[in-house]
Amino acid sequence: MARSRPSSNRWRYINPAYYLKRPKRLALLFITFVCITLLVWDRQTLIREHEEEVSKVNEEVIRLQNLLEELKGGQGISDEKRSSSAKNSGLTKRKDVPDDPIDVQRGERVKDAMAHAWSSYEKYAWGHDELQPQTKNGVDSFGGLGATLIDSLDTLYIMGLDEQFLRAREWVANSLDFNKNYDASVFETTIRVVGGLLSAYDLSGDKVFLEKAKDMADRLLPAWDTPSGIPYNIINLAHGNAHNPGWTGGDSILADSGTEQLEFIAISQRTGDPKYQKKVENVIAKLNETFPSDGLLPIYINPHRGTTSYSTITFGAMGDSFYEYLLKVWIQGNKTAAVKHYREIVGSSLIDKMDELACFAPGMIALGSSGYGPDEAQKFLSLAEELAWTCYNFYQSTPTKLAGENYFFNAGQDMSVGTSWNILRPETVESLFYLWRLTGNKTYQEWGWNIFQAFEKNSRTESGYVGLKDVTTGVKDNMMQSFFLAETLKYLYLLFSPSSIIPLDEWVFNTEAHPLKIVSRNDEKENFGASDGQRKPTLRSHARKEGRFGDN
């Protein structure tokens, strides 16, 4: 028995009672356990950080390889890559190649950004128009219409954020109320609310969205009841009283009056009621009566006479989306004779100031290259690429790598920032998306990725995304604009997605980046089956899978 005692002594160390009687040894054992745990955890952390660093290095290698290819091919974007687009005077749908792992990874990063922006809105500003991330509260910038929520519907759907989409859908069905004593902007309400709801309907097929879109369109319709048919730009949603802002001297604004065609034509096509389309197409018919030979209109229009006044001509604020919609209604109408007059507008202008807002123009020009012969199409595409290079350099020229609101150009000097704030605008990314889709040139993806990283570095906060008061100092503001979720993040996501997701020959984006299904217009008389017994146009739907849909 005595010889077995040492063995018994050894086994006592695994007996809990031994330590309970000796607190100091219990404490020593606990400290030893904690140290071993920390050592293992630190090792795992180092491995994870190493993997992340390797991933970043791989991305940088790919970026440098792309830059090297461009340098070998000549200045800027190589002619060889340019020639892959606009063949035979039409838009060509690129054949998809197997998913690039880098594109997939970047798309997931953008999706994560959307999830962060949305969860912040959901937590701090649910049902309000916009989130103020710094103070963590919601504000009603558009009369309490849930602008960010409606603007985000199609982005959530496209990215496959299904649970978030369903929660938003329930709010639309049960809480969205348009009967408000609020003087709404006809333009902003059309592109955000009507456009957002229509897009959600076209994507999901859920009729609750179409019913709500029609409700809002009916409330906006009295704005077009003017002697000329040029709409007033403000209307009370509850009472239907329409007027123009006092600061315009009673005039209507060009962009505000000519940027409802896509949405109201779509409402007519989907409901079978022609009244919406007639109202908005009459605007273009009226302007066409006295359209200037250079194709450029002043920004103020008299709603009583339908004539323009001597005022600024610009592709920037108050003019921009009018020109955008002339092209997009032609695309929406399947480029048929019924919409030929939308395209027959030409002109040129030289100015020394450019808004970042005008950076939608490269994408518009690239889209518009369709319909020309090969040489003309290439000329317009080259112009689009040169303009996109300028817009990208708006970002690259500042310390934060985010663009200011506008820039000035002076002979013999570099461009300079005018207004230096950045409010998370999408226009440059929008053009990069179109150029990527039309050319297959990965340079545009690299530019978009650099812009996204600048947003992540300078605009992301713990409770959403904010703009900058100054792109030089990086001082933050306190607003997450609804279009950041509707446009900026959506275009960035699509920039890294296959072209079968929202193919450009089947969908057209409104000016708030809400994709609407293209429905053919075969002749001058529209087929509105619900009103005259003729066949109602049908929308082809596609199955969804993991945030993607289209022809897979």
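Quick reminder: no glycine exception, Cβ is built from N, Cα and C everywhere.
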Could you tell me which of the ranges 47-74, 271-298 is annotated in TrEMBL as coiled coil? 47-74
Candidates Glu188, Cys359, Cys391, Glu405 (recorded positions) with Cα within 10 Å of Glu427 (active site): Cys359, Cys391
Candidate with the highest Cβ count within 10 Å, taken from the active-site residues Glu188, Glu405, Glu427: Glu427
Fewest-neighbour residue among disulfide-bonded residues, criterion Cβ within 10 Å, set Cys359, Cys391: Cys391
Of the recorded positions Glu188, Glu405, Thr511, which one has its Cα closest to the Cα of Cys391 (disulfide bond)? Glu405
Tell me which of the recorded positions Glu188, Cys359, Glu405 ends up closest to Thr511 (Ca(2+) binding site) in space, Cα to Cα. Glu188
Packing count at Thr511 (Ca(2+) binding site) (other Cβ atoms within 10 Å of its Cβ): 26
Where Cys359 (disulfide bond) and Glu405 (active site, proton donor) are concerned, what is their Cα separation in Å, rounded? 11
Cα distance, Glu188 (active site, proton donor) to Glu405 (active site, proton donor), nearest Å? 19
